Amino acid sequence: MENSEGVKIESTVVTEEPLISALDIALFVVIITVAYFWYFKRGKQSSSSEKKPYTIQPSSLSSIEQTSNSSFIKKLKSTGRSLVVFYGSQTGTAEEFAGRIAKEGARYKMKGMVADPEECDMADLVEMKEIQKSLAIFCIATYGEGDPTDNAMDFYEWLQNGDADLEGLNYAVFGLGNKTYEHYNEIAIYIDQRLEELGATRVHEIGLGDDDANIEDDFVSWKEKLWESVCSHYGIEETGEESNIRQYKLVDCSEVLPERIFSGEISRLKSYENQRFPFDVKNPYLSKIAVNRELHKSGDRSCMHIEFDIDGSKMRYGTGDHVAVYPKNSSELVDKIGELLNADLDAVFSLLNTDEESSKKHPFPCPCTYRTALTYYLDITSNPRTHIMKELIEYASDPKDQEKLKLMASSTPEGKKEFHEWILRDNRNIVHILEDLPSVKPDLGHLCELLPRLQCRYYSISSSPKVYPKSIHITAVLVNYTTPTNRVNKGVATNLLAQLIPTNDELPQPTIPIYIRRSQFRLPPKSQTPIIMIGPGTGLAPFRGFIQERDYARKEGREIGEMVPYFGCRKKDEDFIYENELQEYVANGTLTKLHLAFSRDQPEKKYVTHLLEQNADELWNIIGEKSGHLYVCGDARSMAKDVHSIIVKVVMEKGQMTNSQALNYVKKMEQQKRYSADVWS
């Protein structure tokens, strides 16, 4: 016979004995009895459990805590707050602005809290109407090519894809952007409009801060008018109290065991001793410096070619990506602060958030020494903002110093002018301020609370992983300049990198923390697609990776499209970086042409923009007739804008279009990723 699967089986029929014995019957009865008892016993328990809920204690509370922490509404209600300020921040400025707004809320009888949208369930915005006189403020930065910051990405996508009913939500938005970029404040503008579309009420018009000008001035001016609108909307009055309320309290940690003290790690204690993949912004990889060589042939400027060793790290990068470098402040500046404030820099301390509900317990990794905080965690070289001037007033013993600080902290025209001239134009940092106002002796713990976080520096990767899978290359100009007060300011990251020179194999190699940031600056998917690359100076960096990748494809026997770089520098014999490499790529056919502009090798200055205008036919042939790609890397303030204007002009003339048609053509190129820019201001 066959079973259901068609497999033959044999059976034997025994006729001498009955089919069911007495033993079989007894066993059957026992089984039925046990099953009956088990079934009804279980059913009784189930019935009982429906009447009386029970809980199971988890072995870990992390999931419950995470769910609880994500509800900002619960925190607002449990602590009697009505103001929440969300921030979308890539460099820390938006987070700083959010903190200042939340702090000022107390003056208007609105107890506030700062919130990271990445750590919140933003769908809870629909419940804001349940809190009397509630207000949500968004300090949102736009970076890159109109992208949201990493921590605001989920919120941005929720707004795009959702249709929540936000009626009853009162809100205001301040954007942080840079006018030299095409997508100026695009994310903040979208959020402001989208919240209104979903039924929310705009309490005050959007503020647009321009980091290319004076974003501090933009913020302060907007903030003052914001509170006027808030008072009008809610029918409240300012209390007039302007006391400097500390957000963190200082804790003496002199008894803490050495192994529990942070020594420069970004997040996890001892993370540089025990490296764990994956590596990211909170967990950088401690990379060895494999190569550090000078690219300039002569002159008083320096440009470094640096190679980071990532062998064994499991890190992967793409051509066109960025590498983030975590710098540290010079010991000279750190020691100067200790000297000016007569402080013990090796004392161990911690700053603990006075708001117990805040998810941010410390402003930076604690406990640590003051020396560690000033070296690795705090920005002591940038221009301090006006709120720091305000906080320093109470520490000035000289009336003249007090008056100067009060003036710069004020929003009067005279105050703004003084701040602009004395701080911004003269390029003073906190060290310079303490030197020039000798009676100002702030508590070092309070100063550590006030100063912004030291941020990592991003560099375009100048190598291809196809050619260099075990290393990351960057091209960096050493930053040194003299200020109007005859002080020499030095770039934090580049001056550190300049000191990290590899030694022989017998000695430990210098290291620095890094991680990879993905970019949309990519080669076309097809190697046959022709491309134009415009990158004067260190703008050549990502194109070096592009060229390496196409050269790799050519050597594999694949067809590659035209590659036409435009490079410019001051003098051919001085700062023509990677000259031999570029000439070799021309010789072997990887580069179709090499357009060079040396601005100071002739009486009249010559730039890449002049070459672009001269080669209009070639430009149109590649981007118009052959649907090629165009890339720009370098200065956003002038070069990138000039290039954009020239491209529009070429499209008009060679494509026989009107100005509006040419602008639409270029816009479509950008949307199709055929026109890409990796620029900075």
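These residue numbers are counts, starting from 1, taken along the chain as shown.
Heads up, the Cβ atoms here are built off N, Cα and C, so glycines get one too.
The transmembrane segment annotation in TrEMBL covers 20-39. Annotation source TrEMBL lists domain 'FAD-binding FR-type' at 282-524. Annotation comment: TrEMBL describes R301, T538, S599, R600, K605, K606, Y607, V608, T609, D642 as NADP(+) binding site. Annotation comment: TrEMBL describes R457, Y458, Y459, S460, T475, A476, V477, Y481, G491, V492, A493, T494, W680 as FAD binding site.
With respect to their backbone Cα atoms, R457 (FAD binding site) and Y607 (NADP(+) binding site) stand 28 Å from each other. Within the set of binding-site residues T475, V477, G491, A493, W680, the entry lying nearest in space to R301 (NADP(+) binding site) is V477 (CA atoms).
The Cβ of T609 (NADP(+) binding site) lies under 8 Å from the Cβ of M639, D642, V643, I646, each of which sits 6+ residues away along the same chain. Note: A493 (FAD binding site) has non-local neighbours V325, P327, R457, A476, i.e. same-chain residues 6+ apart with C-beta under 8 A of its own C-beta.
Neighbour counts were taken at the CB atom with a 10 A radius for the binding-site residues R301, R457, K605; the maximum falls on R457. For the domain 'FAD-binding FR-type' (282-524), the model's average pLDDT works out to 96. Each of the binding-site residues T475, S599 was scored by how many other Cβ atoms lie within 10 Å of its Cβ, and the smallest score goes to S599. Residues R457, Y458, Y459, S460, T475, A476, V477, Y481, G491, V492, A493, T494, W680, recorded as binding FAD, reach a greatest CA to CA spacing of 23 Å. Counting only same-chain residues six or more apart in sequence, the Cβ atoms lying under 8 angstroms from the Cβ of Y459 (FAD binding site) belong to H322, V323, V325, I474, T475, A476, A541.
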